């Protein structure tokens, strides 16, 4: 069962943002984007539980990338952040990584290198999430379901269907999509 990963791009240079959106969408990722630090932080705050990684420029308007990173890390440590920036001074790299960035890529960059770095991030973060909605919780790693705090047994197909619905809860899903995936 495949789940589209969600990536937030916070980048003010439209040409770079468009390139990233195009390439990442082509690779099968869902992409959100913001052109300044404040709007990027707002999207992060609203969507953090659905985000798999943030690509963050340092030199962005309204709130610089380092401050955006610090504020994001105060909200949650669960979403990895990769700086993608022209700031190539070693001191900046150290400051960014010490502030909580998971990786640091300097511009200009090769898109293949970025894709490889994303794969590394995703390999490191493969712990299955525990999904919950109301009184139902599902743990894909342990293949367990609880309803109102009590363990509930499901067939393999029922479990796959419930997992698919949890993974796509913010999307409109057609019957055909469900039949194809489950």
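Cβ coordinates come from backbone N, Cα and C, glycine included.
Here the structure is a predicted model, which means the values were calculated and not measured.
Per TrEMBL, DNA-binding region is recorded for 128-182. Secondary structure of the DNA-binding region (128-182) per DSSP, as helix, strand and coil residue counts: 19 helix, 14 strand, 22 coil.
Mean pLDDT for the domain 'Response regulatory' (6-122) in this predicted model: 94. Residues or ranges marked as domain 'Response regulatory' in TrEMBL: 6-122.
Annotation comment: TrEMBL describes 128-182 as domain 'OmpR/PhoB-type'.
Look at residue 57 (4-aspartylphosphate): DSSP puts it in coil. Cβ environment of residue 57 (4-aspartylphosphate): 10, 11, 12, 13, 16, 65, 83, 84, 85 lie under 8 Å away, each six or more residues apart in the same chain. The 4-aspartylphosphate annotation in TrEMBL covers 57.
Shown for the domain 'Response regulatory' (6-122): DSSP residue counts in helix, strand and coil, namely 59 helix, 23 strand, 35 coil.
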